Amino acid sequence: MFFQGSILLFLLYSLSENKMIPVVIFSLFVSSAMILEGGEKTRPVKEFIDSLRDIMSRVTKHVIELVPYGVIAIMTSISAHFGLSSLLPLTKVLLSIYVAYILQIVVVQGILVAFIGKVSLMKFIKKIYPTPVVAFTTQTSIGTLLVTLRVLTKRVNVSVRYVYKFN
């Protein structure tokens, strides 16, 4: 009993401290045990994990939808406190990022899409546009993952078996 409590406390501590390696190792042990046990015994746990995944995806979606409003509020607060001139360095950084992004799309992705994918660049951009929009507004790759999965399966028509899934 002592060791079981210690393992659970260690897992919770690792989660709270963002220590991912112990969490990944614990997840590997649990998933291995579930695979070895198999059958009807693990069905409730699988359903719980699937439900939790769906709930967390929904929460992430709602948070991502609220991020632009938070950014506007922060920018308003900064400009009210320090003046509009305080936003000039940020504007320069954003403009340089946008220029680099446009060059990346036109040069690198344009060549790859044209020669490997045999698709026109404009057609490709029209299909994937929600992903870069979310990426730029949230500035997070994790938040963009859900949108990327949906875009690849629904708009680009990539088979689900090729798209990374959380199960």
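Cβ from N, Cα, C; glycine included.
Keep in mind that this is a model prediction, so the values were computed, not measured.
Taken from TrEMBL, the feature transmembrane segment applies to 20-36, 66-88, 94-117.
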Folded-back contacts onto the transmembrane segment (94-117), same chain, C-beta under 8 angstroms, at least six residues removed: 124-125, 132, 136
Surrounding residues of the transmembrane segment (66-88) on its own chain - C-beta under 8 Å, 6+ positions past either end: 137-138, 143
